[in-house]
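**Student:** Handing you this structure, nothing more for now.
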Amino acid sequence: MAFVLSLLMALVLVSYGPGGSLGCYLSQRLMLDARENLRLLDRMNRLSPHSCLQDRKDFGLPQEMVEGDQLQEAQAFCVLYEMLQQSFNLFHTERSSAAWNTTLLEQLCTGLQQQLEDLDTCRGPVMGEKDSELGKMDPIVTVKKYFQGIHDYLQEKGYSDCAWETVRVEMMRALTSSTTLQKRLTKTGGDLNSP
């Protein structure tokens, strides 16, 4: 597990870069919060990974969309924002409170909320008047379906400890992928297909 955490931390550290390419300032704090959120998710581990193998599931993380080169700036920004919002919604529930260490869960929710607030400063400049249109675009719908699948899985499994552990691991994967998108947003201006 220490190797996995080290690998995740290395991925996040590589994603540090100067902000400001979006016509607004994506603060360094956004990346620091991302790293801290991954660390908190790792610390929330309560069960041996081997004890929940029967509950593993492929939730269909739209990884090629998050890590690939197919999104323009506004789309990428919206996907990142939606992933963080849905992650916050997932962990900011009564059922989630019953499953996790309250202190760690509150810290995670605070970190996710901080990332959302940092991104809110860029919503206007990036999205402009297109806000309502972008909410209906395919990448956002894909992210919403992905998270709906996670909610459905938890309900189907009765919000069991193993179900939550499976979701915790999946959220580490999703948030790690979202750091790739954050990195691209801080390094490019306008067209995410640029080198």
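Note: Cβ is positioned from N, Cα and C throughout, glycine not excepted.
Feature table excerpt (Swiss-Prot):
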SIGNAL    1-23  signal peptide
DISULFID  C24-C122  disulfide bond
DISULFID  C52-C162  disulfide bond
CARBOHYD  N101  N-linked glycosylation site
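Walk me through where these features lie, including what they touch and how far apart they are.
**Tutor:** Other Cβ atoms within 10 Å of the Cβ of C122 (disulfide bond), summed over all protein chains shown, number 21.
Secondary structure at C52 (disulfide bond), taken from DSSP and collapsed to helix, strand or coil, is helix.
Secondary structure at N101 (N-linked glycosylation site), as computed by DSSP, is coil. Other Cβ atoms within 10 Å of the Cβ of N101 (N-linked glycosylation site) number 13 in total over all chains.
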**Student:** Look up C122 (disulfide bond) in the DSSP assignment and report helix, strand or coil.
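**Tutor:** Where C122 (disulfide bond) sits, the three-state DSSP reduction gives helix.
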**Student:** Fewest other C-beta atoms within 10 angstroms of its own C-beta: which of the disulfide-bonded residues C52, C162 fits that?
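**Tutor:** Output over disulfide-bonded residues C52, C162: least Cβ neighbours within 10 Å is C162.
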